[in-house]
Amino acid sequence: MRCIELNSFVSGFSSFFLHAKLSSFHAFLRSKIATTFVESAQRAGYPYLDYNAGDQLGVSFLQANTLQGRRVTSGNAYLYPARKRPNLHILTSAWVTRVLINKANKEATGVVFVRDGKTQSVTARKEVILSAGAFESAKLLMLSGVGPADHLASFRIPVVQNLPVGELLYEHPGVFGPVFIVRQPIDNYVSLDENINFSNIVQYLKGRGVFTTNSVESLMYVKSPVAESPDPGLPDVEIMQAFSSIDFDTGTGTPRAFRLTNATYDGYFRPIMNLRSFQYLPMLMKPYTKGKLRLRSTNPFNHPLFQYRYFEDDRDIEALVYGMQEAIRVTSQEPFRRLGVELYRKQVPGCEQHPFGTHQYWRCHVMTLTATFHHQVATCKMGPPSDPEAVVDHELRVYGVRRLRVVDIGVVPFPPTAHTAAVAFVIGEKAADLVRDAARKEDYRVREKHSSLPVQSARWSPFEWPFK
């Protein structure tokens, strides 16, 4: 990936990252919990590695797109520096409602949007590119007549192109826990009660101090017994070590963000609100369960309906249980025992019928405290013409509609064994090359599913920034 610069803190690692617009940093401040976790994982048999350099089964401190304690996004890394270019026009507070498609020749000609209460349209000279994310790009396609014919017909939307938009949805579900109590003071423990003071706020404004750390400090990748990948080094569960448990903000935001019920939060997390604690977040990287996305209505201001269908495949539960048990095994190592760390043994509300620590209890814990980690993919799946689930081709062009592409994480055909932000950056970088090359060649051929056009592998061309 050519858009990330890895800081010198990671010197000695082999890395795929090259110099450019985004920076990937290890945190300059680490809690004692993080360093102890990495040491304990190695004692438990996991090698210390750079998980962005090929091998992933092992443990490492977190690499994050941050600079001086602030997140570096695609917006401030790419868009902000280009905002004054004469060939770029940014329109804010505008809500796109549909793509304009000429039904006679199935060609995208522009978009309709609402701004300041007024409906307006803009015409495309070259192409229309949807980059609204896995949910909203799929919704816009369906509102524009591109999607499953029977579903569109149920809303009386004229069908322009029958494609399986939204028929597939993958997500990385994650579980809160296990939780551990720390019985003695430790270095660099992050707590709102202990750390909110004038000095730390000043340090943060300078890009230093305790508040510049990420909530997740280190990662461990494991492979569960239910993983079916033929690659022995490919993990299916990521275990994130968080510096605290989700009670750290006294329940003001985190429970609502992850839609935990009051009964669950009050019964399980509130009792440790005044204690030093931390937790793990096992996340399923290779789920077997497939979800689906559907329109809620024809109102473009309504978000779509989506069903993750968590745990329809029992192997997903077993993989997360394995991740929790591995986290407990690592935390039972001697380095953690020296800190006086204890497993929090209160039962999750709704799981009291199972003895704590049994396999059935951890299954119940997983099914009760699993939430979305916002890594949705595959709603506009990329695939060859022969793939019945494919919506776009290898150049991100919507099948059967000319001059229309989808350029976002929704085109990824299956869950990546990684967080999705870097994947989204790669898609954007590659799409820039594809759009530029098509404009030079005036190549806007329509691609039909099951057509005779040959499918060629996408070639990675050398990076040439088109704007000087």
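The backbone N, Cα and C atoms fix where each Cβ goes, glycine too.
Residues or ranges marked as domain 'Glucose-methanol-choline oxidoreductase N-terminal' in TrEMBL: 35-173. Mean per-residue pLDDT, taken over the domain 'Glucose-methanol-choline oxidoreductase N-terminal' (35-173), amounts to 93.
Sequence-distant contacts (6 or more apart, same chain, Cβ under 8 Å) of VAL96 (FAD binding site) comprise VAL111, VAL112, PHE113, ALA132, LEU140, PRO300. Feature annotation from TrEMBL assigns FAD binding site to VAL96.
For 287-428, the entry in TrEMBL reads domain 'Glucose-methanol-choline oxidoreductase C-terminal'.
Residues annotated as active site, proton donor in TrEMBL: HIS375. Sequence-distant contacts (6 or more apart, same chain, Cβ under 8 Å) of HIS375 (active site, proton donor) comprise GLU171, HIS172, PRO415, HIS419, THR420.
The feature active site, proton acceptor is assigned by TrEMBL to HIS419. Other C-beta atoms found within 10 angstroms of the C-beta of HIS419 (active site, proton acceptor) number 18, with every protein chain shown included.
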For HIS375 (active site, proton donor), just give me the three-state DSSP call.
coil
